[in-house]
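K.L.:
Please find one structure pasted underneath; my questions will follow.
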Amino acid sequence: MEGQNKSITFDGREIRLTTGLYAPQASGSVMIECGDTSLLVTATKTTKKEASDFLPLICDYEEKLYAAGRIPGGFMRREGRPPERATLISRLIDRPMRPLFPTWMRDEIQIVASCLSLDERVPADVLAVTGASIATLLGEIPFYGPMAAVRVGLIGDDFILNPSYREIEKGDLDIVVAGSPDGIVMIEAGANQLSEQDTIEAIDFGYEAVTELIKSQEDLLKDLGIKQIKPSDPEEDKTLPSYLEKNCSKAIDLVLKKFDQSKEERDLELEKIKTETQSKIDSLKDDNEVRVLTSENEKLIHSDFKKLTKKLMRSQIINDGKRVDGRELDEVRKITASAGILPKRVHGSALFQRGLTQVLSTTTLGTPSDAQEMDDLNPSTEKTYLHHYNFPPYSVGETRPMRTPGRREIGHGALAERAIIPVLPGKETFPYVLRVVSEVLSSNGSTSMGSVCGSTLSLLDAGVPLKAPVGGTAMGLIKEGKDVRILTDIQGIEDFLGDMDFKVAGTNKGITALQMDMKITGLPVSIISDAIKKARPARLHILEKMQEAIDKPQESLSPHAPRLLSFRIDPELIGTVIGPGGRTIKGITERTNTKIDIEDGGIVTIASHDGAAAEEAQKIIEGLTRKVHEGEIFSGVVTRIIPIGAFVEILPGKEGMVHISQLSEARVERVEDVVRQGDEVTVRVREIDSRGRINLTLRGVGQNNGMSYPEPTPTPVAPLN
């Protein structure tokens, strides 16, 4: 078997492409490699069997643990349902690919990116996105590409192209920019309160690199003798569109100009116009061309009516500067917010509403053992902040079965999660695991940004000391030729009929998250820059409204939330605290009715609903880890008697033995003649043997019964910060 190999030098690295060797029955396939990261990306097109009114595109990213030399956990030792990371990368591929296929295409297209080997220095996601474009081009599928994606990081004052996982963690920015020859088609970003100007410069920096990869793909096609199939729009039958424009335009335009009506009223009126039009068509003669067309395809009137509505709404915005609800282009809908709306058995809660979009967010405080373990190819092993987003059917007035979260819900949850992470307190000052759940109670656009706002409010209500509140809004776009209008705080119909959905979240200082999706084949950086700048005053307005509901963390936690104590011990003494088979730590938890977690670095977290119990457990652990020195004197309690001596607890959880010969200056026949179990005695540390056992003596030590334990002094270690 022989394939064709090509190397691309990009940012000082070699990207290796192998074509014509793998997956020969796919329409197009490429093995794309950089460092030790290898992905097989395939694109397959089949003829659609049933008529539909959308592009049936499926993008799947799959990762197998063998790519990192690991065997899956669980009884079956086999990968099961795709992890959240795989779902998010699948969306990352889909979002820039979808607008680059012609709107009229109805053939089934599936893109599969399989991670076969993973190098932690080379994240696989952006390679998968670029590989999807290459596989589609090689498969000679109509496509407005090439398309490529890069990641941009920021360390200090320097932008870094395609940083490693470690560099991403250290930096203040993680942004993925995808683009086509026409401009940028997708942005996904998380940032540490980055200024608008720095964010714009990062996007510009990323798109410059994207153009290099686009040129490399064009060169690859030339080298292989493959001619790209540029989509050519089929001739459209104007019969039905002309009929609808003549008979419906005036009525639709009147509905769109009723600025004081509700969404439900507008939808009902538009549906009424469509139904009446359908009845008129049905009454036409059997040989009428319009009736023949609609009888052959029942969905045709629906799609053409939607196109006409879209055209009229866009014209109203472009020409009149008015939106369907009467707002100015830069106007935010009415906002209401409240915190603490649920009983305190829920640790934190809030309700955020913007227009008809309403989100209920709740916060739960958990212990370190509640962290989510990550069984995927992500180098991070656990998550301590979780955001779950739910979108029930009643939120849009529909009925359908309630299923597990879909890709959209996972993606929106991840976006809101990313927006909040930069302002969370460090685990040293607030060691709780946090779970926020956002329930979308009503949806009319920008529910993910509503979830960001609701998350902030519920976290503050739970007493979480955020560095700053985070708010967000969705920006939209209407572009007709050179006429461009940017919309602030888009609602559902503007998202559905517009060209862009650009979500911007952040604090009053800067941006924490971005997500931009397009319905056109690309936008220049200048227009994206305008959208980012116009999002700032809207965000500040939203933050001001949020702070009217709650402007600082609650001073006390819910009485039903666990109490945590966190401190550090010498990592070398972790084994002492755990004990053989976990007996020691189990004994402490049972004695104090607490929950104890110890990290590899020596950070101990004690959870309890009783603060005194947590303090008792801390005292025991500090006693266990306190180093005892020869010559020290302790007041302790006799815990056990054996024929050759007595065991004395000198510190909580730490015992030493007094040999029978060390009980008195005089000869002792029986241990019980001098001490009994439960006696308080004063002892001196005689020696600590090579095995760490503490030998004590009563000889030469004046007894002072009733003396309490000395305050334990923890072993000196590095401070938490």
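Glycine residues also receive a Cβ, built from the backbone N, Cα and C atoms like all the rest.
Owing to the predicted nature of the structure, the values given are computational and were not obtained by experimental measurement.
Just lifted these from Swiss-Prot, have a look:
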- Asp495, Asp501: Mg(2+) binding site (BINDING)
- 711-721: compositional bias 'Pro residues' (COMPBIAS)
- 562-621: domain 'KH' (DOMAIN)
- 631-699: domain 'S1 motif' (DOMAIN)
- 701-721: region 'Disordered' (REGION)
K.L.:
Among the binding-site residues Asp495, Asp501, whose Cβ has the fewest other Cβ atoms within 10 Å?
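P.N.:
Comparing Cβ neighbours within 10 Å for the binding-site residues Asp495, Asp501, Asp495 has the fewest.
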K.L.:
So, in DSSP terms, is Asp495 (Mg(2+) binding site) helix, strand, or coil?
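P.N.:
The residue in question, Asp495 (Mg(2+) binding site), is helix (DSSP, three-state).
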K.L.:
Per DSSP, what is the helix/strand/coil residue tally across the domain 'KH' (562-621)?
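P.N.:
For the domain 'KH' (562-621), the helix, strand and coil counts are 32 helix, 16 strand, 12 coil.
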K.L.:
Counting each residue once, how many in the domain 'S1 motif' (631-699) are helix, strand and coil under DSSP?
P.N.:
6 helix, 36 strand, 27 coil
K.L.:
Indicate whether Asp501 (Mg(2+) binding site) is helix, strand or coil by DSSP.
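P.N.:
DSSP assigns Asp501 (Mg(2+) binding site) to strand.
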